[in-house]
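Look at TrEMBL and you will find Thr51, Ser52, Tyr53, Tyr54, Gln55, Asp96, Asn145, Gln190, Trp305, Gln306, Leu307, Leu315, Trp337 tagged as cyanocob(III)alamin binding site. The disulfide bond annotation in TrEMBL covers Cys64-Cys107.
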Amino acid sequence: PETGRLALYLLGLRATCPPPEPGPQRSLVTWLKYYLEEDWAGSRQHGHPLTSYYQYSLGVLALCVHRKRVREEVIRRLLAAEQHGRFGHAGGSAVDTEAVAALAFTCLERERLVGARLAAELRAATHRARRRMVEAQGRDGFFGNIYSTPWALQVFISTNTCRMQPAYSWAMAALLENLDAFTTAATVAQALPVLHGRSYLDIASTHCREELDTLTPITPELPPEMTGNMTVRLVVECPEPRCPQRRLYDRPVPAPAGSSLLDVLRAAAAQGPPNFTFDTQDTPQGPFLSRVLGLEGRQQKRSYWQLLTTPSTSLQMGVAEYRPRDGETLILRLSKW
């Protein structure tokens, strides 16, 4: 199911104040309702959506922003996952999923799309999610990581708790110091409302009116060109029992200075035996590493290729954004989530 992608599209569509003709928009909303049902029904035996709780939460949020009622069973599936701590995954943060679910809960309560009893349960779940976000705040100020932080900040904004929570100010300061990390349309769309003190919930109450076209194109500044070369040690790991030898690849890879991790992978693939192969998949957040040395990270099996620096620090950026340093060791590890 394309739950997450369609949900993001519908959120963007609502924010742009589409023409009053409801036909195509109504059809998309109907498709999103269908995807939510398919997302769950196809994986009842596994106890989780076919896609992820993140995408499932996005679907509920998008329907709420469009002021469309969601079946109580659909909401309670998400509520049960929050209550039983099913949002987390191995080796990563659950803050982004917690935050999107909390935004969906807050929206359903605010738009009065649920009864009083369920609204009280959703309010309590949002309170628990905020508490866990504060507990997940790192020394760098981020809630989870840099990309989950805007989602968490939106929760504090939408629940009017940002002024009474010191963690909010700390995270906002960290976000402002690292805005250059947001390079794709999807990540910018998450951070931009926060910079204006808004959340996605404000889309539901937007009063559409004609405004003067004051947008002017700008020419982005190109990063300074770096000269010379660097060498990065590239390691590929796969856990037992799937891979008895565990470490599948370990070689120094020379590349031009300033190269991205994606450039380093391409250089490794070009330098010869032992042959290194990889594939990426295009996503709204940029290229996603999907296959390495013939081994695929599959959503159905809840596996993915985790990007780390030695010894085991998860990267905060994707393969196209992260720029390794000379002499750095990068690890591609097939992990479970």
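Every residue, even glycine, has its Cβ placed from backbone N, Cα and C.
Of the listed recorded positions Cys64, Leu307, the Cβ environment within 10 Å is emptiest of other Cβ atoms at Leu307. Residue density at Asn145 (cyanocob(III)alamin binding site): 19 other Cβ atoms are found within 10 A of its Cβ, drawing on all protein chains shown. For Trp305 (cyanocob(III)alamin binding site), the count of additional Cβ atoms within 10 Å of its Cβ stands at 22 [all protein chains shown]. Taking CA atoms as the reference points, Cys107 (disulfide bond) and Gln55 (cyanocob(III)alamin binding site) are 16 Å apart. Here the C-alpha separation of Gln55 (cyanocob(III)alamin binding site) and Cys64 (disulfide bond) works out to 14 Å. The two recorded residues Asn145 (cyanocob(III)alamin binding site) and Cys64 (disulfide bond) have their Cα atoms spaced 27 Å from each other.
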